[in-house]
Amino acid sequence: MRFAVTKVCASGAKARAGLLQIGSSGVETPALLLSTRKGLPAFMSPDLLSSLPLPDSLLLNVCPTHFIEVPPSKTISNIGGLHRMLGLPDHILVAAAGESTECLPSSDATNKFGASFETPAGRKLVKPSDYMELISCLQPNLWASLADEVPAWVNEKRNKTSVERTLRWLDACIALDAASGRNSLGVVVGGSSIEQRKLCATEVSKRNVSGFWIGGFGLGESVEERCSLLNAVTDCLPLGKPRIVSRLGLPEEVLEGVVDGCTCFTCQNHTRAYLNHLINVHEMLAQILLEIHNTHHYLRFFRSIREAIKAGEFDIFWKQFVENRRSQIAAAAM
C-alpha cells in the first residue's frame with residue numbers, strides 16, 4: 001500500500017487531496033468508502049457495481065463480523081479470500097469490525113476481553129484472536145483494528161477505558177498479524193473527550209500501522225463537538241498516512257435527486273415516472289435503481305471535493321454548498 005498527499009489547501013484549511021495505491025488499483029482522496037453487507041453494497045450485485053464510476057467506486061467497506069458463521073470464514077479462506085469469492089479482484093476492501101450503518105455501538109456489552117457485536121449468528125463477544133482469524137481468512141487490502149467505540153454521552157472514566165482497551169487490542173492484533181500490521185489501520189477513539197482522543201491518536205501513531213481509522217463519530221455528538229474532536233485528532237496524526245473517518249455517510253443529503261442530464265445507469269435507462277411507479281407498488285427494483293443513482297451522486301460529490309482542493313478553492317466550495325443547502329431546505333419548507 002502506498003499513499004501520497006498531492007495537494008494541501010493553502011488557505012489555512014486542513015483539507016488535502018491524495019492518492020491511495022494498492023496493487024494496480026489507485027483511488028484519489030478524499031473518497032467515498034462504500035458500505036456493504038457481506039462485501040457488496042445494499043441492493044447491488046457485482047454486475048450492477050460495475051455501472052458505477054471508476055475508479056471512484058473501488059473502495060468497499062467490509063465488516064468481518066458479517067462472516068462469523070455464514071459462510072464460514074474457513075470456506076472463504078479456502079476459496080482464496082473475499083476478493084475471489086466476490087469476483088472483485090480490483091476493488092480495495094477495507095475491513096472494520098463495526099457495522100458502519102448501525103446507529104450506536106454495543107458498548108454496554110463490551111468488556112476487557114473483547115467487543116460485542118450483533119452478527120448473523122446473534123450477539124457475539126469478539127476477542128482480538130477471533131477478529132484476526134477472520135482477517136486472515138478474508139484477506140482484505142486494509143483492516144482496522146478491534147476497538148471499543150462509545151457514544152458521546154458516556155462519562156470520562158468510560159472514555160478512558162475505551163482508549164485503554166483499544167490500544168491494548170491494537171497491540172494484540174498487530175502481534176497476531178502475519179504481516180506485523182503492515183496493512184493495518186489504527187483506530188482512534190475516546191468518545192467526546194478531546195483529551196482522550198488526543199492521547200489515543202498520539203499512542204496509535206507510535207504503532208506500526210499504515211493509516212488511521214477515526215472512529216466514534218456520528219454517535220450523538222453535535223456538529224460543533226465533531227469539528228473540535230476531529231481537529232484535535234488530526235493535529236496528532238502524521239501527515240503522510242491515510243485517514244478514514246467512520247459513520248459520516250451523508251454530506252448532508254444527496255446533492256441532487258433524479259435530475260435531467262444525470263449520467264448514472266438509472267437515469268440513462270429509466271424515467272422518473274417509472275421510478276415513481278416502482279416506489280408506489282413497493283417493487284424491490286425501486287431500491288436497486290435508487291441505490292445506484294444515490295451512490296453515483298455521492299461519488300460525484302467526493303470528486304467535486306477533490307477538484308476544489310486541487311484548485312485551492314475548498315473554502316469557497318464549502319461555503320457555496322452550505323448556502324445552496326440552506327436555500328433548498330428553505331424552499332422545501334415553504
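Using N, Cα and C of the backbone, Cβ positions are placed for all residues, glycine too.
Summarising the annotation, TrEMBL assigns Zn(2+) binding site to Cys262, Cys264, Cys267, His293.
For 14-261, the entry in TrEMBL reads domain 'tRNA-guanine(15) transglycosylase-like'.
Least packed by the Cβ count within 10 Å, out of the binding-site residues Cys262, Cys264, Cys267, is Cys262.
Take the CB of His293 (Zn(2+) binding site) and look out to 10 A: across all protein chains shown you find 22 other CB atoms.
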